[in-house]
Amino acid sequence: MAITRWFFSTNHKDIGTLYLVFGAWAGMVGTALSLLIRAELSQPGSLLSDDQIYNVIVTAHAFVMIFFMVMPILIGGFGNWLVPLMIGAPDMAFPRMNNMSFWLLPPSFLLLLASSGVEAGAGTGWSVYPPLAGNLAHAGASVDLTIFSLHLAGVSSILGAINFITTTINMKPPAISQYQTPLFVWSVLVTAVLLLLSLPVLAAGITMLLTDRNLNTTFFDPAGGGDPILYQHLFWFFGHPEVYILILPGFGIISHVVAYYSGKKEPFGYMGMVWAMMAIGLLGFIVWAHHMFTVGMDVDTRAYFTSATMIIAIPTGVKVFSWLATLHGGSIKWETPMLWALGFIFLFTVGGLTGIVLSNSSLDIVLHDTYYVVAHFHYVLSMGAVFAIMAAFVHWFPLLTGYTLHSTWTKIHFGVMFIGVNLTFFPQHFLGLSAMPRRYSDYPDAYALWNTVSSIGSLISLVAVIMFLFILWEAFAAKREVLSVELTATNVEWLHGCPPPYHTYEEPAFVQIQSN
């Protein structure tokens with residue numbers, strides 16, 4: 001296995017594997033950072049030195065989990081592996097650009113880690129708001145390194161998005177309409193469009209911040225006629241689509257997993273699912289200011305953003321009830337991916353309901369920047385995106401490796417993880433309703449109980465992460481080969497065996513369309 005195979009790869013399967021390994025590694029780093037946060041908050045009083053180092057850890061935790069764990073795994077890993085197989089394409093449309101998309105990430109990660117090590121680190125929160133992120137409150141190179149890190153990660157994602165859009169539209173057999181491609185392919189397509197439209201706005205915002213810090217411009221400085229609120233609009237115009245970018249591929253995965261383990265040949269309401277994803281993608285761009293209800297917008301502006309945000313619940317509800325309808329009447333196989341998928345549906349819905357609460361601008365004035373918000377977005381990320389990743393991994397592991405995971409161990413792992421994340425994040429709703437603010441390393445004694453419970457939950461999640469590594473080792477050590485795969489007629493990624501050959505569909509796929 002020459003080193004060139006991995007450094008110069010133009011093969012979608014190899015690049016997908018690189019993304020998965022990188023994402024798993026970054027996930028360990030992000031988990032370590034989250035445990036530092038929960039250790040600090042496990043008791044009143046100080047563990048680390050001060051709020052600056054605490055906020056550096058919080059900021060790094062967010063960036064690592066979003067840009068180096070969830071996105072590389074869902075889009076780069078499963079997207080690369082599955083999209084070409086699902087549409088019968090020999091590879092991605094631009095295989096070398098695909099390689100570059102991946103190799104921009106390790107330098108980007110390096111820059112982010114470097115930012116923590118110079119001066120006092122970037123303790124700005126992931127939104128990097130000026131004036132805190134300006135050159136007075138954050139003198140030194142920390143924030144600049146963070147900005148360059150984001151630039152690289154952004155270029156990587158934009159190139160990946162171009163690649164996925166071209167591949168999904170252009171590389172499928174001519175006889176097949178877009179409405180005959182699997183839902184995961186659709187989810188990656190919608191995600192890629194969101195990336196392509198939102199990331200340039202982030203790039204503009206952080207570039208202006210860079211020049212404010214180093215070239216004496218005043219885009220975000222009132223002293224020179226600028227406005228820090230402009231930065232917030234630019235950031236959240238990216239930031240809100242970003243959260244849908246994180247969850248949409250998960251929606252696609254859950255559709256596949258639920259249909260497969262219900263013994264159905266397709267999910268319920270295919271067209272409804274597709275349109276729901278497109279609606280979520282569109283609406284995701286016109287709700288950004290709900291992150292800014294406390295900055296003093298007009299009451300009519302707040303009314304609009306409240307209503308628009310609530311409308312997103314409709315296509316999301318279409319998806320949730322379609323998953324439940326897919327289960328209906330099926331012969332359900334209670335295998336581990338199905339457990340992850342059912343956990344996803346329930347916990348994502350809980351997270352969505354707290355999101356509806358927060359969409360009310362009047363309520364959000366009180367709940368903004370409290371642990372209620374932290375609980376909300378960790379329910380949709382730590383139990384939405386992560387559960388989708390786990391469902392996908394356990395479901396497609398035999399396809400990726402040719403080996404099967406130990407079914408009992410993976411079920412125990414699911415149970416431990418389920419208890420861990422819920423024990424970590426459910427109490428945070430109580431803290432938020434008691435007005436405990438985010439981004440502080442210490443708190444009054446009144447909040448001690450639920451913080452201690454939350455920190456114990458984080459240790460249970462750590463046990464789950466270690467169990468997962470053991471399960472992975474066990475599968476490769478035991479080498480149980482795949483015997484047979486069911487439902488391949490409607491799950492075409494499995495058609496070439498486990499694992500598929502290095503090159504698939506070297507000749508164009510022959511497709512016969514049944515006319516109804």
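FYI, residue positions are counted from 1 along the chain as it appears here.
Any Cβ shown, glycine's included, is placed from N, Cα and C.
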Both Phe94 and Ser127 on the same side of the membrane in Swiss-Prot, yes or no?
no
Write down the one residue from His240, His376, His378 that Swiss-Prot lists together with His290, His291 as binding Cu cation.
His240
Matching residue for the Na(+) site, where Swiss-Prot names Glu40, Gly45 - out of Ser441, Ser454, Ser455:
Ser441
Which range out of 141-170, 270-286, 336-357 gives the transmembrane segment (51-86) the most CB pairs under 8 Å?
141-170
Among 95-117, 183-212, 299-327, stretch most in contact with the transmembrane segment (270-286) (C-beta, under 8 angstroms):
299-327
Can you tell me the CA-to-CA distance separating Glu40 (Na(+) binding site) and His368 (Mg(2+) binding site), as a whole number of Å?
22
His291 (Cu cation binding site): nearby binding-site residues from Gly45, His61, His368, His378, Ser441, Cα cut-off 10 Å:
His368
Cβ contacts of His290 (Cu cation binding site) (under 8 Å, same chain, 6 or more positions away):
His240, Phe305, Thr306, Thr309, Leu358, Ser359, Ser361, Asp364
